[in-house]
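According to Swiss-Prot, the protein has these features:
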- Gly150, Thr151, Gln274, Thr332: pyridoxal 5'-phosphate binding site (BINDING)
- Lys300: N6-(pyridoxal phosphate)lysine (MOD_RES)
Amino acid sequence: MNRLPSSASALACTAHALNLIEKRTLDHEEMKQLNREVIDYFKEHVNPGFLEYRKSVTAGGDYGAVEWQAGSLNTLVDTQGQEFIDCLGGFGIFNVGHRNPVVVSAVQNQLAKQPLHSQELLDPLRAMLAKTLAALTPGKLKYSFFSNSGTESVEAALKLAKAYQSPRGKFTFIATSGAFHGKSLGALSATAKSTFRKPFMPLLPGFRHVPFGDINAMRTMLTECRKTGDDVAAVILEPIQGEGGVILPPLGYLPAVRKLCDEFDALLILDEVQTGMGRTGKMFACEHENVQPDILCLAKALGGGVMPIGATVATEEVFSVLFDNPFLHTTTFGGNPLSCAAALATINVLLEQNLPAQAEQKGDMLLDGFLQLGREYPDLVQDARGKGMLIAIEFVDNEIGYSFASEMFRQRILVAGTLNNSKTIRIEPPLTLTIEQCEQVLKATRTALAALRVSVEEA
């Protein structure tokens, strides 16, 4: 039966939500009521599938963890007052921590003046952020287009590459197996997981995939495309595959891809949505081997875990195709004052506190610990790998990975799997994680593995 719209019901919902937003704490009954409401509304109005996913990593098989607020820079608190060390980091958005005071203050100050821009007058923070990124990014990257997410930044990069290369008769894109670039139609065409792709086939034509890290396969594909007249417009890569399971390419792979792109007059698009902003021990992962892309995609941590923002940064030669008609690709909210304020403050914090170097130091500590635990539990752990504070623990099968996440949850450590590799749990905490918290994470990992060994043996 079709239901009639109800203004009264909508008004009551908004009043209830606004009341919750104002609250700092909940009593026991309010907590129970909120949990019931959230579960019901997810089931009836968001997507019931998310509830089953949440159950798979919640101790006891229930929905007890309804997120309420950030705790410290590096922790989350649920409606029951339980505090969790965040080793998931919102899939890489909290590089400067939760509610970083510098970022929050910048956004609050901008909010008091002007939340959104007029669309007609020139907005100063967009200009200042573009200038900052031109100074911060490697090579000849100079111009920035701002959006609201990583998927959008990739979509803009693909369109920009098309606009630049189409007059040259180049229409083919090469991506890699295991890649994740987003789920909008263009980005999904570059993404490599069939689960995400199949329901939306056919995707955009002209996308090819080669094994990640295999430079010979890349050369062969570029050569064959040239032979058949399907000349390559661009190669799109993650310097380290995040959702693929934190897969690091062989040393020298990225410079070799850059050289091939130059040889075949193809653009190099680097998707640093997850690896950028200090995550791997450098401001951008491509800097580990001094690789300079033609187009760089950023998002996630760029907004400091406070505001959503994406950026597509390109060289002047490539970006100039949009000079004559800047309206070829635009977005209403991209580059808005609040998001730009957050991004500028985030970059300031990353540089002032030298967080990329901290990520390298603490990441080495964590990875060394996980590798040692892997040697102690070879029946459970297949591999541990990573760079900086982008780390993966790969288990011998999917079920061990799910059980490990649940055990860590029980010890108040938040972790989760990767989208393209379900055997792999990622460790992607804020770069502000303390040494003491790193030690807690390693201790909890040891306890979780010991408990899993017992449960596997009993089974």
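Here the Cβ of each residue, glycine as well, is placed from N, Cα and C on the backbone.
Structure with Swiss-Prot features highlighted.
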| residue | record | Cβ contacts under 8 Å, 6 or more apart |
| --- | --- | --- |
| Gly150 | pyridoxal 5'-phosphate binding site | Gly182, Asp271, Val273, Gln274, Cys297, Leu298, Ala299, Lys300, Gly310 |
| Thr151 | pyridoxal 5'-phosphate binding site | His181, Gly182, Lys183, Ser184, Ala187, Gly310 |
| Thr332 | pyridoxal 5'-phosphate binding site | Gln119 |
Q: Enter the number of other CB atoms within 10 angstroms of the CB of Gln274 (pyridoxal 5'-phosphate binding site).
A: 30
(Q) Is it possible to get the count of other C-beta atoms within 10 angstroms of the C-beta of Lys300 (N6-(pyridoxal phosphate)lysine)? (A) 27
Q: Among Gly150, Thr151, Gln274, Thr332, the annotated pyridoxal 5'-phosphate contacts, find the widest CA pair distance and round it to a whole Å.
A: 24
(Q) According to DSSP, collapsed to three classes, what secondary structure does Gln274 (pyridoxal 5'-phosphate binding site) have? (A) coil
